[in-house]
Amino acid sequence: MESRVLLRTFCLIFGLGAVWGLGVDPSLQIDVLTELELGESTTGVRQVPGLHNGTKAFLFQDTPRSIKASTATAEQFFQKLRNKHEFTILVTLKQTHLNSGVILSIHHLDHRYLELESSGHRNEVRLHYRSGSHRPHTEVFPYILADDKWHKLSLAISASHLILHIDCNKIYERVVEKPSTDLPLGTTFWLGQRNNAHGYFKGIMQDVQLLVMPQGFIAQCPDLNRTCPTCNDFHGLVQKIMELQDILAKTSAKLSRAEQRMNRLDQCYCERTCTMKGTTYREFESWIDGCKNCTCLNGTIQCETLICPNPDCPLKSALAYVDGKCCKECKSICQFQGRTYFEGERNTVYSSSGVCVLYECKDQTMKLVESSGCPALDCPESHQITLSHSCCKVCKGYDFCSERHNCMENSICRNLNDRAVCSCRDGFRALREDNAYCEDIDECAEGRHYCRENTMCVNTPGSFMCICKTGYIRIDDYSCTEHDECITNQHNCDENALCFNTVGGHNCVCKPGYTGNGTTCKAFCKDGCRNGGACIAANVCACPQGFTGPSCETDIDECSDGFVQCDSRANCINLPGWYHCECRDGYHDNGMFSPSGESCEDIDECGTGRHSCANDTICFNLDGGYDCRCPHGKNCTGDCIHDGKVKHNGQIWVLENDRCSVCSCQNGFVMCRRMVCDCENPTVDLFCCPECDPRLSSQCLHQNGETLYNSGDTWVQNCQQCRCLQGEVDCWPLPCPDVECEFSILPENECCPRCVTDPCQADTIRNDITKTCLDEMNVVRFTGSSWIKHGTECTLCQCKNGHICCSVDPQCLQEL
């Protein structure tokens, strides 16, 4: 109900906008004949009178030709057409009777993105295209276009909606897979042929146009209805709603995360800090660490060597080191007995009687220090040492470092006989003359290392280390030698590649019969593997089920080889790669579509009126057929009813729409068969009996350009049945059994879809907006919409036919 209201509203809002004037905006128009600049010098075509005199018309002759847009012209076409879902193909034509040819073709390599074809052999118009899932599709419209008469044809494509008008009459309207116009570079545009060798259109074409606009058929038939928006317009509205829903869901999720973060941020003050030796410093804060000036920048400590000042000291003071500081500062001095002492320094003086007196520099004066007595020593007098700064002797080997010293980080205290001194650790150098502060020596930068060739020097605190270059292994702490990755099996070569050791590395080369860069080698099969086969070894193909042969070129006929046993009411029909059981004439499927044909049941021809009994007979239904019986006592004519007309008993006639089939009436039954071909008869109809055509000009070249077929030969190519008829190749889709199920899938390398019960496995998505999904955030999602599951980064969900289908993207996980 909601979808119908939405559509009516959309028609009211946008319907009037679709009623344009009959003039076409040139930016939306591709006038093919004008842009290709066809003329008298163009081989294979010539200008002739058309349906009207307003534009030029050209006769496409049965001669070799190459009507192909130049690269620049084709790209101009594709710039207007690329990634558009609303366009119309228009053409006025007069096609030669029985000709099968391509009107226009847009293809890249073997991929037909858009090709319009008319088959006079089978009396049908075909549209070949690729869908958004990159699968090839063919829509067949039964219609006699190749009748040597003028026709106006328009094919309007609007998203998944096709409308075919012929002579301003709507002939067909279908819902299909949405065609893709994501045309890659190198795509080609052909007119009147598929390529240089195939699909030659024979006849006259006029007014060949592509209109990239809604309801483009109006340009050809102005009186047609155009008051309501197109399917693409409606799909666009639905898409916008889905996009808005997705934006709303993402915005709500972002808002929820932002609120959570704000709640956490309200509880704390976040600032980048630095921590050094147990002390935390704020951003941009600077401090002195020994002889380094350090700063906290963006949470990282950056230090530089401190540059000490050299101040002028006042009278009775001089520069001296101060405990805990790197640079010298002005310090008071004392002059005593011709020597200079700094504040706090002590000195002993011995009298002539040997009495020791201790002095200390205080307030620029040497003052007497009272003696507090000395501890008893436990060493002989010969091992006792007299000190210059104390009246108390110590034993030899006394630990002066245990008392007090000024040796900082990376400097160690060493005991001398009468005092302690500082010494830099190995690998460090002094920052001042007393060795109290030291810094690391970068042996690598200064060339003071022993690393040899094939190594790289890496500085470490107080030392260095030599690491091996890539492709080398260690001999000792300073040397490395070449590493043969091939012998040690430490290479990345493919199992089908040969490893060759090189200096510092190795090379990988694919073995004969394989191709690739060495790290990845794939088997190479000279003739290729057809029908989905995989090349698994040099010139060895692994064929999919249903095919055999060196190149998987031969279809296995399951029907004739006895692999299949169909029900007695069904015939086995072989298809490329597989088969199916099709109900015999007189039977139809009951809707269960049993694979073996058990679901075939009798058709009551009498009850349904599908019989040929004349009015003077009575129809009796039989299993798989019927009987025309004459009532007792009456003299029946044995006439037949065919296509609403009376055919007399014994009468023979040719079908109106199939000149190659002959029918006869025999006692109320109509029996039809193909014409018997007598190749000895000089008047034999070569159209019906192509096998009787010996002319070389009637032969056909296979699409691969290698195989030559005689007229009448048939073959299968890319899920199409192809036939050579008097030099023309005509291909049509292989018949597939009906798939009466909600969900279907087209397996890879197969031609016909199969039913599946899991909607997430289905290939196609029905664009029914009434089938919605409710996601994990309680947001309504339309069929076809996709989203990233809330709380995840790599789980992609999609609404398919009202079901939520989710999968994890492996590439996304690798990028995290």
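Heads up, the Cβ atoms here are built off N, Cα and C, so glycines get one too.
Here is what Swiss-Prot records for this protein:
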{"type": "BINDING", "residues": "440-441, GLU443, 459-460, SER463, 555-556, GLU558, 574-575, TRP578, 602-603, GLU605, 621-622, GLY625", "note": "Ca(2+) binding site"}
{"type": "DISULFID", "residues": "CYS401-CYS413", "note": "disulfide bond"}
{"type": "DISULFID", "residues": "CYS407-CYS422", "note": "disulfide bond"}
{"type": "DISULFID", "residues": "CYS444-CYS457", "note": "disulfide bond"}
{"type": "DISULFID", "residues": "CYS451-CYS466", "note": "disulfide bond"}
{"type": "DISULFID", "residues": "CYS493-CYS508", "note": "disulfide bond"}
{"type": "DISULFID", "residues": "CYS525-CYS535", "note": "disulfide bond"}
{"type": "DISULFID", "residues": "CYS529-CYS541", "note": "disulfide bond"}
{"type": "DISULFID", "residues": "CYS559-CYS572", "note": "disulfide bond"}
{"type": "DISULFID", "residues": "CYS566-CYS581", "note": "disulfide bond"}
{"type": "DISULFID", "residues": "CYS583-CYS600", "note": "disulfide bond"}
{"type": "DISULFID", "residues": "CYS613-CYS628", "note": "disulfide bond"}
{"type": "DISULFID", "residues": "CYS630-CYS636", "note": "disulfide bond"}
{"type": "DOMAIN", "residues": "272-331", "note": "domain 'VWFC 1'"}
{"type": "DOMAIN", "residues": "482-522", "note": "domain 'EGF-like 3'"}
{"type": "DOMAIN", "residues": "523-553", "note": "domain 'EGF-like 4'"}
{"type": "DOMAIN", "residues": "602-637", "note": "domain 'EGF-like 6'"}
{"type": "DOMAIN", "residues": "638-693", "note": "domain 'VWFC 2'"}
{"type": "SIGNAL", "residues": "1-21", "note": "signal peptide"}
Structural state census, the domain 'VWFC 2' (638-693) (DSSP three-state): 3 helix, 25 strand, 28 coil
DSSP-derived class (H/G/I helix, E/B strand, else coil) of CYS401 (disulfide bond): helix
Predicted model, mean pLDDT over the domain 'EGF-like 4' (523-553): 85
Three-state secondary structure, which DSSP defines for CYS407 (disulfide bond): coil
Cα proximity to CYS628 (disulfide bond), best match among binding-site residues ASP440, ASP555, ASN574, ASP602: ASP602
Tertiary neighbours of CYS444 (disulfide bond) (same chain, Cβ under 8 Å, six or more apart): CYS451, CYS457, VAL458, ASN459, PHE464
Cα-to-Cα gap, CYS559 (disulfide bond) vs ASN621 (Ca(2+) binding site), nearest whole Å: 30
CYS525 (disulfide bond) and CYS566 (disulfide bond), distance between Cα atoms, whole Å: 37
The domain 'EGF-like 3' (482-522) - residue tally per DSSP class, helix then strand then coil: 0 helix, 18 strand, 23 coil
Spatial neighbours, same chain, of CYS466 (disulfide bond) - Cβ under 8 Å, 6+ residues apart: HIS449, TYR450, CYS451, ARG452, THR455, MET456, CYS457, VAL458, ASP477, TYR478, SER479, CYS480
Cα distance (Å, whole number) from CYS600 (disulfide bond) to ASN621 (Ca(2+) binding site): 16
Alpha-carbon distance [ASP555 (Ca(2+) binding site); CYS508 (disulfide bond)] in Å: 38
Which same-chain residues, if any, lie at least 6 apart from ASP440 (Ca(2+) binding site) yet have Cβ under 8 Å of it: ASN410, GLY427, PHE428, ASN459, PRO461, GLY462
Number of Cβ atoms other than its own within 10 Å, given for CYS572 (disulfide bond): 20
Neighbourhood of CYS613 (disulfide bond) by C-beta distance under 8 A, where only residues 6 or more apart in the same chain count: CYS619, TYR626, CYS628, CYS640, ILE641, GLY668
ASP602 (Ca(2+) binding site), number of other Cβ atoms within 10 Å: 16
Tally of DSSP helical, extended and coil residues in the domain 'EGF-like 6' (602-637): 4 helix, 12 strand, 20 coil
